[in-house]
Structures are given as C-alpha cells and as structure tokens.
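Per TrEMBL, the feature transmembrane segment maps to 26-48, 60-78, 98-120, 140-166, 199-226, 238-260, 272-292. Residues or ranges marked as domain 'G-protein coupled receptors family 1 profile' by TrEMBL: 41-290.
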Amino acid sequence: MDPKNGSSFTGFILLGFSDRPQLERVLFVVLLIFYLLTLLGNMSIIALSRLDPHLQTPMYFFLSNLSFLDLCYTTSTVPQLLVDLRGADKSISFAGCVAQLFVSLWLGSTECILLGVMAFDRYAAVCRPLHYTVIMHPRLCSLMASASWFIGFVNSSLHTVFIFLVPLCGRNKIEHFFCEVTPLLKLACVDTTGNENEIFFASVIILLIPVALITFSYGQIVRVVLAIKSASGQRKAFGTCGSHLTVVSLFYGTGIYIYLQPSNNYSQDQGKFISLFYTIVTPMVNPVIYTLRNKDVMGAMRKVLCRAATGL
C-alpha cells in the first residue's frame, strides 16, 4: 500500500457535526438516550426468543438474528460518535477506520439479505401454512441465516479492500461522523469512477435482489389474504407481516438513498442525517415495531416479568 494512502497516517479526522457545536451538544444527549433504548430493546427481543418456548419458531429465530445484527451495527458507530461529540479530539486510527467501515458494511449487507429471508418466511407462513414446518426446517433456517452473514462478509471484505487501495495523498479529513464509503472515496486524489461503478453494481445486487424477493413474497401474501373471506383472518395475516414490512420500508428507503444515487447528487449534510437515521433510529424502532404489533412478544414479556416479580 502507498504510504500516503494510510500506513504513514496517525489516523483520520471525523469532521462529523463539528461545524455546528450547538447541535453537537443536543445530539449527544439524544443519541445517548437512543443508544441505550436500542441496547435495551434488542437485548430484550434476543432474551425473550431464548426464554419463551412459544417464541422458538423460525420467525423469532430470524428476528433474534436481526436484533443481534442491529445491536452490533449501532455499536460499530455510535460509541465513537458519542466520544467525538463530547471532545475536541475527533480522530480515529487508520486501523480503527478500516475496522469500522468493514463492520458497518458487513452488518448492513447482512441485514439487506436477512430481511429478504424474513419475507420468504412470512410467505411460507401465510401462503403454505400446512407445509410451513416442513419448508422452514430448523436446518434450512440456520443455513439461510448463515448464508446472509457470509454474503455480507464477502461483500464487505471486497469493498473495504478496494476502498483502502485508493491513493489518498495525505488527505485524512472525513466529512462524516464515521468511516463511510462515499466520504472516504471523496478523499481520493485520483479518479474514482471505476470504484464508484463497482460499488453501485454491488449495491444493486445486495439491495435490489432482496427487494425483488420481498416484493414477490408480499405480492403472493396479498393475493392469498384477499382470497380469505374472514375479516379476522385477513387482519391476522396482515398483522403477521405488517411489522416486517414497516422495518423493510425504513431500512431499504435509507439504504437506496445513500448507495444508489449518483455521486454528483450526493449531499454531505443530507448523507450525515440519513446515516444517523439508519445507524441509530432504525435499530432502535425495530424492537418497538415488532413488540407493539405482536401479541406473542407482548405475552412473553408479561410472563417473564411476572416470573421475575414472583421470584423476588
């Protein structure tokens, strides 16, 4: 690697929101509260899925994977941001930046695929109820979850290597609050069109193939649900899918905005706030969406709390 590309750096400077010191103080308090709620909500989902036998089904297996993923994804960026918001030193080491980019890309890519897998699970539950337990065999569920993590790992590995091979010529001020793809490429002192095209192509595959699977799955679900004559049956079927569809809309909406728009249309300020949304807001609201709209989770929570209360 060219020494000017990073090995001679003491690190990068994450400019973040340093041009708005008053906003930084407000953001610190808000993000700290959001982060704690994210930890609490996602850890609760994971614990409930383990403790309640009624939640040991394919749906909650994937949901606990999603909660663990969101937990790690938020932790890969938010603690560093909180430290930067409270102090004048906003530096991050070269190795730290590589690790942050790699982990955030890995987890983000994995979530894209996992949400597609979860849509297939809902399709099997609604459209093939008599064969659901056969289709969604525990071994297949484990295989699909593992494949999601592996594909995300490979995608992130390739992106991270390609991005940090780009010569930076001593530039180290990142116009963002964490090491993100587009701001890093903007540090390059060479033409990065080829890199941008590769990232765009990979993003199309990682984002749009799961979107196509989700669209197909929910198209089939809607067709089946509309054929159900019972109003209560329709509500139940839509209820099992509504939470997942809400999460999908939040996640893919922000992901498509960040990664599938032309680089010349990319706004640094908009990019920062959209990134704030998908790194902290979405992981925080996911457990809330699944909990409030799900009687099984609410029931499991009441049982665990009652058990804890009687054990005191």
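Along the chain as shown, residues are numbered 1 onward.
Note that Cβ sites are derived from N, Cα and C of the backbone, with glycine treated the same way.
Remember, predicted model here, so these are calculated numbers, not experimental data.
As a quick check, the transmembrane segment (60-78) and the transmembrane segment (272-292) clear the bar of 3 or more Cβ pairs under 8 A, pairs 6 or more apart, so the two touch. By the count of Cβ pairs under 8 Å, the stretch nearest in packing to the transmembrane segment (199-226) among 26-48, 98-120, 140-166, 238-260, 272-292 is 98-120. Sequence-remote contacts of a segment are chain residues at least 6 beyond its ends whose Cβ falls under 8 Å from one of its Cβ atoms, and for the transmembrane segment (272-292) they are 16-17, 31, 34-35, 37-38, 41-42, 44-45, 63, 66-67, 70-71, 73-74, 77-78, 104, 108, 176-178, 180, 243, 246-247, 250-251, 254-255, 257-258, 298, 301. Packing against the transmembrane segment (140-166) from elsewhere in the chain are residues 1, 5-6, 58, 61-62, 65, 98, 101-103, 105-114, 117, 120-121, 181, 184-185, 188, 190, 192, 195, 198-199, 202, 206: each is 6 or more residues past its ends and has a CB under 8 Å from a CB in it. Remote same-chain partners of the transmembrane segment (238-260), defined as residues 6 or more beyond its termini with a Cβ less than 8 Å from a stretch Cβ, comprise 59, 66, 108, 111-112, 115, 118-119, 122, 125-126, 181-182, 199-200, 203-204, 207, 211, 214, 218, 221, 225, 271, 274-275, 277-278, 282, 285-286, 289-290, 293-294.
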